[in-house]
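Here the structure comes first, spelled out in C-alpha cells, and everything after it is commentary.
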Amino acid sequence: MHWDLNNYYSNNMDGLISKLKLSKTESTKLKELRQIVRERTRDVFKEARAVAADVKKHTLTLEGVRLKLGQTNVRYLSTADQAEVARLIFEMDDDARNDFINLQPRFWTQGSFQYDTLNKPFQPGQEMDIDDGTYMPMTVFESEPRIGHTLLLLLVDTSLKSLEAENDGWRFEEKNTCGRIKIPHEKTHIDVPMYAIPKNQFQTKQTAADSAHILKSESIFESVALNRDSREAYLVESDKVNLALREGAKRWSISDPKIVEDWFNDSCKRIGGHVRSICRFMKAWRDAQWDVGGPSSISLMTAVVNILNREEHNDSDLAGTMKLVAKLLPDEFNRGLESPDDTDTKLLFPAEWDQNVHQKTIVETMKTLYEILVDAENANTREDALHKMNEAFGKRVTNAQLITSIAAAPAFHVSPSREPEPRKINKTMVSG
C-alpha cells in the first residue's frame with residue numbers, strides 16, 4: 001500500500017501542525033509574560049533616572065545614591081552590584097547623565113515567536129523561548145554608546161532579578177548575550193538581550209513612522225498588533241545596532257536581529273508560505289530526537305531555505321516536500337552550513353571533516369529521517385504508517401485515519417527560485 005501523509009502534517013484538528021502551533025490563549029499568555037518583563041524594565045529605568053536627576057541637582061552624595069537605590073528594585077541585586085550601580089550613576093559625566101535621564105527603553109521581539117515558527121515543547125524540560133530585545137536609544141561616541149555598558153546590563157538584570165524574587169519558581173540566568181528569566185510552570189523562558197542604538201537615527205525613523213500613521217503605541221518596537229509590513233518602519237541601520245556582551249574584553253558587538261527576520265520573511269515570500277510549516281516540522285523532529293543538544297533552529301531554517309530555494313518541489317505537497325528536505329538535509333549539513341551572514345566566517349554547522357563526535361551523530365540521525373518517511377509511505381497499514389511517523393516526530397499525532405491511500409494525480413511543481421540567493425543575515429543572534 002502507498003499512503004498519503006499530507007493530512008498527517010496539515011490537518012488543523014488532529015494533524016502535526018495542530019500539535020505544534022500555539023493556541024490563541026497560549027500565545028496571549030506568552031505576550032502577557034513578555035509584557036510583565038517589559039513593564040518591570042521600564043519601572044527600573046524610571047527609578048534609576050530619578051536618582052540620576054537628583055544627582056544632577058547636587059542633592060545626593062554617593063552614600064545618598066546608594067541609600068536611595070536601596071529603596072528601588074535595585075535592592076534585589078547583590079550588595080556589590082548595588083554599590084556598583086550607585087557608583088556608576090554618581091560618577092557619570094554631565095553629558096552621559098543627561099542622556100541617561102532622557103533614556104526610554106524600547107522593545108523588539110525577535111526569534112521564532114516573531115517568525116511564527118515557535119512550537120509547543122515536547123519533551124520534559126524543553127521550553128518555549130521568547131527573545132525580546134531591550135533597545136536603548138542613546139548618543140554613540142567614538143563608535144561606543146556613551147552610557148556605560150555595565151550600568152545598562154545591571155539595570156536590565158535588576159528587572160529580571162526582581163521578578164525572580166517576587167514570583168515563585170521564576171529563575172534568573174546570566175548568558176553572554178542576554179539575561180534570561182525561566183518560568184518553569186509555563187514551560188517558557190524569556191531572553192532579554194540589550195542593544196544600544198543611535199538616538200539621532202532612532203528619532204529620525206520614529207518621526208517618519210509617526211508621519212505614516214504606523215506608530216500605534218509608544219514606539220513601533222512595542223506594538224504587538226502591527227503586521228509585518230508595518231514593522232518595516234524600523235529602519236535603524238544594521239551596522240549601528242550594538243549588542244551588549246557580558247564575557248570577554250569585547251563589550252559590544254554589531255548585531256541587528258531584524259536582519260534575520262527580514263531574511264526569513266523574504267525567503268517565505270519568494271519560495272512560499274510552506275517554508276514556515278517545513279521549518280516547524282523539522283524543529284518538531286529535532287525536539288523529538290533530542291531533549292537538548294540537537295541542531296540549532298537557525299541551522300535548520302537555513303538548510304530548509306537553501307534546499308527549497310534551489311530544488312523544484314510541489315508547494316501543496318507537504319509530505320513530498322518533507323521527503324525532499326529529509327533526503328538532502330545530511331549533505332547540506334555535511335558540506336558545512338554557511339551562515340547567510342557574509343560578515344561572519346563561523347559556520348552554523350561544520351563540514352564533515354571538522355565535525356566532532358556529537359555533530360557526526362546529529363548528521364547520522366538526520367539520515368534516518370528520510371528512511372522513516374519512505375517506510376511510512378510504504379507501510380502495510382495506516383496504523384503502521386502512523387507508528388513510523390511517530391518515530392520521527394514523537395507521539396503527537398494519534399489519529400491514524402488522517403493517513404489515506406494515495407490517489408494518483410498530476411502535480412504542479414514549484415520551480416527553484418530564480419531570484420538571487422537569500423541575502424545574508426547576521427548570525428550573532430541566538431534563535432530558538
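Glycine too: its Cβ is placed from the backbone N, Cα and C atoms.
Long-range Cβ neighbours of GLN114 (GTP binding site) (same chain, at least 6 residues apart, Cβ-Cβ under 8 Å): ASP131, GLU261. As annotated by Swiss-Prot, GTP binding site applies to GLN110, GLY111, SER112, PHE113, GLN114, TYR115, LYS283, SER297, ASP344.
A simple way to gauge crowding: the CB of ASP191 (Mg(2+) binding site) has 21 other CB atoms within 10 angstroms, across all the protein chains here. Summarising the annotation, Swiss-Prot assigns Mg(2+) binding site to ASP129, ASP131, ASP191.
Within 10 Å of the Cβ of ARG180 (ATP binding site) there are 17 other Cβ atoms, across all protein chains. Marked as ATP binding site by Swiss-Prot: ARG180, SER255.
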Between the binding-site residues GLN110, SER112, ASP191, LYS283, which lies closest to SER255 (ATP binding site), Cα to Cα? GLN110
Of GLN110, SER112, ASP191, which binding-site residues come within 10 Å of ARG180 (ATP binding site), going by C-alpha to C-alpha distance? ASP191
Highest CB neighbour count within 10 A among the binding-site residues GLN110, SER112, SER255? SER255
Same-chain residues at least 6 apart in sequence with Cβ under 8 Å of the Cβ of LYS283 (GTP binding site), in sequence order, are SER112, THR117, ASN119, SER297, LEU300
Candidate with sparsest Cβ neighbourhood (10 Å radius) among ASP129, ASP131, the listed binding-site residues: ASP129
Nearest-integer angstrom distance between the alpha carbons (Cα) of ASP191 (Mg(2+) binding site) and GLN110 (GTP binding site): 10
